[in-house]
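Some features that Swiss-Prot has for this protein:
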type	residues	note
ACT_SITE	Asp94	active site
ACT_SITE	Asp277	active site
DISULFID	Cys107-Cys112	disulfide bond
DISULFID	Cys268-Cys272	disulfide bond
DISULFID	Cys311-Cys345	disulfide bond
DOMAIN	76-386	domain 'Peptidase A1'
CARBOHYD	Asn79	N-linked glycosylation site
CARBOHYD	Asn130	N-linked glycosylation site
CARBOHYD	Asn348	N-linked glycosylation site
SIGNAL	1-15	signal peptide
Amino acid sequence: MKWLVILGLVALSECLVIIPLTKVKSIRENLREKDLLLNFLKEHPYNMIQKFGLKGSLCSPKISCLRLWNYLDMVYVGNITIGTPPQLFSVIFDTASSDLWVPSNQCHSRACVTHRSFNPTLSSTFQSSNRTVKLAPHSGLVSGLLGYDTVQIGRFKSENQAFGLSQSEPVKELENAFFDGVLGLGYPSLAIQGTTPVFDNLRKQGQIPEPVFALYLSTNTKKGSVLMIGGVDNNFFTGNLKWVPLSARNYWQITLDRITWRGVVVGCTRGCQAILDSGSAFLLGPSRQISSIQKIIQARFIENEYQVRCCARTTLADFIFTINNVQYPVPARAYIRKGSTPRRCYSNFSGGTESLGKEETWILGEVFLRLYFTVFDRGQNRIGLRIAV
């Protein structure tokens, strides 16, 4: 897996902003090439669904909690600016969180000094709240302050925008990250209490023509992928979008009918929930079902990862995800990824979502989003899907 990083700030149309994206290496691939991945996974057990269901009990009543999680396989990053004059940052555009955070110049952790940091004294529009925030990733507690300033994405400006400024980042994987922070595109219910997410602020301030954004992930791994804000460019898909109503308004959550392989139901047997997550590279589900799927594709657990024969990418059948009575095939070339060496391939399925609650839940990450152009419609609380061109 690799990171998508912005090439240029924006390409403007009359009504929407289109942000071009391309790929660089993921933290996982970076560690693998340095022969550090195996030891890292042993020392830091990897929980891919850490960010979902984060409880406020992790922090005291006087401290706000901002969602933070594992970044080993995060996929989408792009450039924004904060402050006046603007300070540039590369951030993850994440649909499963709602906060914005970047490192502060007061952070001296190794993960901070290897990335861009925000200097409040250089911005004439910065306002401090003197409010502490705690970010709770799996391998350490990141602390910081809540501030307010002007945030710009393309030509859209969010005035007096709340964001977290990390002052300590004792999180090992962040040292190898190709991004500085996170910009969440989820619902306000996921945000720090008393704050407004960037997208909602832009909407309230009349910056966005339409309350929608969309993701197109090109099959060309190096170029062509884009994030659209404020509208939809029909050139990135064919036919009509298939609309799916949200089943909850926090994550971009929908109802999933079933998952089948060669006509046999292998997951979501009685209907379940699915979260579309641009901040995840994988297809995540309950461990029991995932274990069965790994056996189906003959994946073997080697060196803390599920490895698959590379020839299976062209021989195995599609998994069919049925959503709102529409079938969405996921072929083997998508659910089995190539490794950094020709003979190494890996499963893009992973378990652990049973910890989210009693109801069966699946996470549809890059594997799914790369196949289907996706519109996130806040105006009508729905998601639009169509085969990407």
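Even glycines carry a Cβ here, placed using N, Cα and C.
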If you count, for each of the disulfide-bonded residues Cys107, Cys268, Cys311, the other Cβ atoms lying within 10 Å of its Cβ, which residue has the minimum? Cys311
If you average the pLDDT over the domain 'Peptidase A1' (76-386), what number do you get? 90
Between Asp94, Asp277, which of the active-site residues has its C-beta surrounded by the fewest other C-beta atoms within 10 Å? Asp94
To which of the glycosylation sites Asn79, Asn130 does the lowest count of other Cβ atoms within 10 Å belong? Asn130
When the Cα-Cα distance from Cys107 (disulfide bond) is computed for each of the recorded positions Asn79, Asp94, Asn130, Asp277, Cys345, which gives the smallest value? Asn130
Rounding to whole Å, the Cα atoms of Asn79 (N-linked glycosylation site) and Asp94 (active site) are apart by 13
Number of Cβ atoms other than its own within 10 Å, given for Cys272 (disulfide bond): 20
Name the secondary structure element type, per DSSP in three states, that contains Asn348 (N-linked glycosylation site). coil
Taking all protein chains shown into account, the Cβ-based neighbour count within 10 Å for Asn348 (N-linked glycosylation site) is 25
List the same-chain residues at least 6 positions away in sequence whose Cβ sits under 8 Å from the Cβ of Cys345 (disulfide bond), in sequence order, or say none. Gln307, Val308, Arg309, Cys310, Ala312, Arg313, Ile336, Arg337, Lys338, Gly339
Going by Cα-Cα distance, pick out whichever of the recorded positions Cys112, Cys268, Asp277, Cys311, Asn348 is nearest to Asp94 (active site). Asp277
When DSSP is mapped onto helix/strand/coil, what comes out for Cys268 (disulfide bond)? coil
Recorded positions Cys112, Cys268, Cys272, Asn348 vs Asn130 (N-linked glycosylation site), shortest C-alpha separation belongs to Cys112
